[in-house]
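Participant: Feature table excerpt (TrEMBL):
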type	residues	note
TRANSMEM	A:20-40	transmembrane segment
TRANSMEM	A:52-74	transmembrane segment
TRANSMEM	A:80-100	transmembrane segment
TRANSMEM	A:112-133	transmembrane segment
TRANSMEM	A:163-187	transmembrane segment
TRANSMEM	A:216-237	transmembrane segment
TRANSMEM	A:306-326	transmembrane segment
Amino acid sequence: MTDFLNAIVALSNFVLIPGAAYGAQLALGALGVTLIYGILRFSNFAHGDTMAFGTMATILVTWGLQSIGISFGFLPTALIALPIGIAITGLLLLGTDRAIYRFYRKQKAAPVVLVIVSIGVMFVMNGLVRFIIGVGDVNFADGARFVINAREFKEMTGLDEGLALRSTTLITLVTAAIAVALLFWFLNKTRTGKSMRAFSDNEDLALLSGINPERVVAVTWLIVAALATTAGVLYGLDKSFKAFTYFQLLLPIFAAAIVGGLGNPLGAIAGGFVIAFSEVLITYAWKKVLVYLMPENLEPSGLVQLLSTDYKFAVSFAILIIVLLFKPTGLFKGQSV
Amino acid sequence: MTARGFLLYAGMALLIVLTGVFQGWNLALTILNMGLISAIMSLGVNLQWGFAGLFNVGVMGFVALGGLAAVLVAQPPVVEGWNAGGLRLLGALALGAAVLIAAVQVWKRKIGGQMRAMVMLALLIGGFFLFRAALDPAVNAIEAINPSLSGYLGGLGLPVIVAWPVGGLLAAGAAWIIGKAALGLRSDYLAIATLGIAEIVIAVLKNEDWLSRGVKNVVGLPRPVPYEVDLQRDAGFVEAAAGYGLDPVTASTLWVKILYSGLFAVVLIAILFLAQRALASPWGRMMRAIRDNEIAASAMGKNVTARHLQVFILGSAVCGIAGAMMTTLDGQLTPGSYQPLRFTFLVWVMVIVGGSGNNYGAVLGGFLIWWLWVMVEPLGLWAMELITSGMAADSWLRGHLTDSAAQMRLMTMGIILLAVLRFSPKGLMPER
Amino acid sequence: MAEPHLIGEAMTGGYGRGADILHGCTLSVDKGEIAVIVGPNGAGKSTAMKAVFGMLNLRSGSVRIGGEDITHLSPQDRVAKGMAFVPQTSNIFPSMTVEENLEMGAFLRRDDIRPTIEQVYDLFPILRDKRRQAAGELSGGQRQQVAVGRALMTQPSVLMLDEPTAGVSPIVMDELFDRIIEVARAGITILMVEQNARQALEIADTGYVLVQGANAYTGTGAELMADDEVRRTFLGG
């Protein structure tokens, strides 16, 4: 019995909790991608760098706050800085839209042209982030490190296996839940949110109904700024901030959005968790859990790791290919343009 | 080529010459050599995008596969490694391939849906564990042998030039797999799929030490040209160098680079010639017809997906060839140095700036953007020093700006790409 | 005689810079009446309706509603002037619920839209039952009801329908025509293009037969049905 509990604790500690946090971060990122796809109808390659920019803006504000002695108690200061970071990112995205994307929208350019344009934007944003904050690792998490740490947990329960709940994990889950709830409330209950869904569903009819496309697009960019910055800050708090890592997040985020069904917000969330848990499950060394469950003579000798963690991209990729082959519109029905 | 084209090429040549005059011929030749390779990559992407409208953002993967080919072909075989587990490893790989083929065959059978999926899944999962069981001991045995110096299987010990076509073949193979899965779906899906395969190729190169020594890098690849030290010992060469008023060290460095330029130029011209022939052939016309109107083309009985697969494989193979050449030029394979911004998206900037759909444009774009890529850093530093010259020498901002000048590259490339897309979307040398 | 509520007079024009499709075509409908445009394929029926709605540029002619010249207004501005248009295809928001579709129809209104929604539900009772269902999941006939209902949400004085019965079964078609008559009785002017000419002319107060972008025959529905020439040529005997 204790073995079984130990196994559960080990599983939660190394698989379930980290997987859930990572899934929430991916889901927020994929929501941004899917909204842009639904409203502006292109795959935004600059999304990873938008996340990096938002996080950088938040970090700079955090440093500013810290330097004047403001902190958030046991919570990270970055959470106070987050709204300001979102506002800065929102301004950047609105400016980008005004200066760059709007021209192609007026021309009714093909989606692939917009994708290439977004690659140009990606270069600029990437350069901007590297220029301002550099290429190194930045750790900006302060406040309490753990809600429960492994030692306390062991003492509390008397189990051999410790369960550590890092505060950043909890913050990630709570913040992501709030963000998603707000987003869905906005999309389903407000006039502007509904007009966004209408625009995404049927652009021509939305115009006939008097919905102002420029307003819908502007609101979309603002929401994307909020989602991307939140996703980026949560990821950075949980791990650390590095410009290149954020660029690489593009792949699992796109995979999540496509697996869920591009243009479908519910799908993006489901996709985020599917991708995150698959990555963690397949790259986790199962020995730790199995030693408690198997009889002693059958205990595994190796790590029982299906793939090395360096292959986590391969996991997102494999899931992506499987979904594309069997259900090209994704798990939830997405748009097919 | 039009008069405008000649002028642009003359301008490009002038840029390289000016670089030689002002910053030294060594740098000019270095830029020229990478420019030649970039031009080939750019041609490969232009085949896919300019001819067929295929959006490949996995160039880095194909380039890296070419690099792997250089190792597998040119490095001497590591006999101890082969003895330790070489055959076993090949057996494991064959087993893995057999499992995949069997799974595909099961899937193609027209038997009841549920049953078929279950059988395939069981086959794949069981096959995976079998594969790992066979592979892991072999890998451990191979990697255990003198890990600091070898710890891998080595290559075939053939001349490194052979690696160039082989690199093309490896890339073509990968392109076939990815094309089978993602072509015929929406264009964004191909983009994401290629982005993924590129990351996976790099992950394999970084982790499969038995294959490529991973992050320990493979250095000292054999060369297709003489070594500088040998030239310096060659009395005839030293004499000839003295005839031009050059000391043997400088002369040998330059001469090696010139030899590389010659080799690369031959490959570039051959590929350019073939690409031009292809563009003008009925096949090329059909490709462009498909690009311009897929529905009409398929209504005329053209198998769009099959044509796309062809051109996708060809373009990727060209990128593979360029990758093998690049690794040959570097003399080493360093999996950690493959960055998507540099090897995928920069090539895209080359194609768009040069003029998508125009082979000469793609080549020009390759040279021009590479030249800029190299020159932006000193130019940026110079600009930053100019901007910050009024600031106090120990000011924080001045230090930060000067340190960050190196990051100007990406921003400059992005701005160039955006400006070309906006004001001259057909590029410097338009298709027609 | 007072001017008809809606009139598109001597309209000539085509799409973009292309050749003219309409050649001096005139359409007019009195308040609360039903006008139907019929004619062979390619006669410019839909084009004529789109011209009235401002979706193509007229080189000459004019469009007036309630005596006011709206020739130079955009479709969006015409909606504000009391026109509503139901396109032939993609005329609903498929992933939104029936009720949300209706709300979107009233997007520009700032007053209470509840009573109008109730009116639409009274007109199409089935929609009340399916109000929470995504419009894309409904049957073809029900989707058309959603589309018409959405258009009615702006409380228009003119409702324009582009082949509302395309692709629905004959029973559903009769049902839909009955509803359209009901809408007209409520004082809304109706202009529609119909493929099912015979059934459409039966309910029409005025019928226009267009040939090659010009008026070929005009008369009440009954007159056109009685005309041998029209019957032989356009109604299949």
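Easy rule for this one: first residue shown is 1, then count along the chain.
Here the Cβ of each residue, glycine as well, is placed from N, Cα and C on the backbone.
Note that TrEMBL annotation is computational and uncurated.
If you look at the structure here, what lies around each of the features I listed?
Facilitator: Away from its own ends, the transmembrane segment (A:20-40) comes close to residues 47-48, 50-51, 101, 105, 114, 168-169, 172-173, 176-177, 179-180, 183, 196, 199-200, 216-217, 220, 223-224, 227-228, 230-232, 234-235, 238, 249, 252-254, 256-257, 260, 262-265, 267-269, 271-273, 275-277, 279-280, 334-335 of its chain (Cβ-Cβ under 8 Å, at least six residues beyond either end).
With a threshold of 8 Å between CB atoms, the same-chain residues lying at least 6 positions outside the transmembrane segment (A:52-74) that come near it are 80-82, 84-86, 88-89, 92, 125-126, 128-129, 132-133, 138, 140, 142-144, 167, 225, 228-230, 232-233, 235-236, 241, 243, 246-247.
With a cut-off of 8 Å between Cβ atoms, the residues of this chain six or more beyond the transmembrane segment (A:80-100) that come close are 50, 53-55, 57-59, 61-62, 64-65, 70, 72, 117, 120-121, 125, 217-218, 221-222, 224-226, 228-230, 233.
Beyond its flanks by at least six residues, the transmembrane segment (A:163-187) meets 9, 12-13, 17-18, 20-21, 24-25, 27-28, 31, 74-76, 79, 141, 143-150, 153, 193-194, 196-197, 223, 226-227, 230, 234, 237-238, 265, 269 of its own chain at Cβ-Cβ distances under 8 Å.
Same-chain residues lying 6+ beyond the ends of the transmembrane segment (A:216-237) with a Cβ under 8 Å from its Cβ atoms: 21, 24-26, 28-29, 31-32, 35-36, 39-40, 47, 50-52, 54-55, 57-59, 76, 78, 82, 85-86, 89-90, 92-94, 96-97, 102, 105, 138, 140-141, 168, 171-172, 175-176, 179, 183, 186, 192, 195-196, 199, 206, 246, 249.
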